[in-house]
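Noted in TrEMBL for the protein shown:
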- B:N35, B:D39: (2R,3E)-phycocyanobilin 1 binding site (BINDING)
- B:N72: N4-methylasparagine (MOD_RES)
- B:N72, B:R77, B:C82, B:L83, B:R84, B:D85, B:G86, B:E87, B:I88: (2R,3E)-phycocyanobilin 2 binding site (BINDING)
Amino acid sequence: MKSTITTVIAAADNAARFPSASDLESVRGSLERAAARMEAAEKLAANYDAVAQEAVDAVYKVNPQGNLGRQPRVCDTEGKDKCKRDFVHYLRLINYALVTGGTGPLDELAINGAKEVYAALSIDAATYVYGLNTLRNRGCAPRDMSAQALAEYNAALDYVANSLG
Amino acid sequence: MLDAFSRAATAADASGSFIGGTQIATLKTFVAEGNKRLDAVKAISTSASCIVTDSVAGMICENPGLTSPGGNCYSNRRMAACLRDGEIVLRYVAYALLAGDSSVLQDRCLNGLKETYAALGVPTGSMARAVAIMKACAVAHINGTNGDRGPQATNNTINLGTTAKGDCSALASEAASYFDVVSTSIS
């Protein structure tokens, strides 16, 4: 799984050299920003259930059918549960991305192949984009987390929404 | 290749759980102590040649047969190969220390090394001895107890008072553990 540190090490290893001063500088830069990312990841881990529920509620508010598809899902408990499960999945990977400081976990475990899977299952990815955008606009600093942490969290949400859209 | 952060993500993903609580606390410590880690990596990297040469020379001093005709370091070509291998091991230990995880050392250096040495007839006991000396040397550089020469993680030669000296003992023992991984893997 890629992160700033592993990328630096891989580059140094390709040149068969010890970590240079500039390698250490770039790791230091990443560590400096890491405190905010850890804060965002921690807050998200503590509150992911409520956050995912908010996204599900927003989706079902504009579209009582839930996901649009070949066999439209009715607005019952099962549909909502599955919708929430998917949002929790995305939030969990965003939690990993915040911890590692790169989009590697999201790319490897969600985004690669997402379009094909949603097409095969006749699920409209726009449903998720709508939910993620809702979360994107709901976060508030300093109520939820510090401003820098919120910026990192929003960037991760944007990344997923852009990749699905 | 993993680092402390992606190790936490991989472990959490195996159980489908979020990274929170104690794991985040551990990583926060990693971030807070980050500069010490970079200093420790720097202390090893900038004195790499010295550390490697000392350890190979020490290994040979204890066992002069190595450089005698028939020994495994006899001929400059084989001595050079020995120094090169020492540097490779130290380089991967430096990477592991930077990452805070031994996977880069395992995957890219130690995987198959024992078998390679067996095929080439390299005495792994001597190699392990050189690694042990390297360990003592690297720990001294990280703790700043290597005398008054060379770059140090915690410089004890400048009189800044007792509180000015940073405590790098955690990183020194982490580095020592990576050298132990090497020893165990080739013996």
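Numbers run from 1 along the shown chain.
Placement of Cβ uses the backbone N, Cα and C atoms for every residue, glycine included.
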Within 10 Å of the Cβ of B:N35 ((2R,3E)-phycocyanobilin 1 binding site), how many other Cβ atoms are there? 15
How would DSSP class B:N72 (N4-methylasparagine) in three states? coil
Distance [Cα-Cα, Å, rounded] between B:C82 ((2R,3E)-phycocyanobilin 2 binding site) and B:N72 (N4-methylasparagine): 9
Between B:N72, B:G86, which of the recorded positions has its C-beta surrounded by the fewest other C-beta atoms within 10 Å? B:N72
In all the protein chains shown, the tally of other Cβ atoms within 10 Å of the Cβ of B:I88 ((2R,3E)-phycocyanobilin 2 binding site) is 15
Any idea which of the binding-site residues B:D39, B:C82, B:R84 has the thinnest Cβ neighbourhood at 10 Å? B:R84
Among B:N72, B:R84, B:G86, B:I88, which are recorded as recorded positions, the nearest neighbour of B:N35 ((2R,3E)-phycocyanobilin 1 binding site) by Cα: B:I88
Against chain A, with Cβ pairs under 8 Å, which of the recorded positions B:N35, B:D39, B:N72, B:C82, B:R84, B:G86 show up? Give them in sequence order, please. B:N35
So how far apart do the (2R,3E)-phycocyanobilin 2 binders B:N72, B:R77, B:C82, B:L83, B:R84, B:D85, B:G86, B:E87, B:I88 get, largest Cα to Cα in Å? 18
With DSSP assignments reduced to helix, strand and coil, which class does B:N35 ((2R,3E)-phycocyanobilin 1 binding site) get? helix
Alpha-carbon spacing, B:D39 ((2R,3E)-phycocyanobilin 1 binding site) to B:I88 ((2R,3E)-phycocyanobilin 2 binding site), which is rounded to whole Å: 20
Rounded Cα separation (Å) that holds between B:G86 ((2R,3E)-phycocyanobilin 2 binding site) and the residue listed as 'N4-methylasparagine': 14
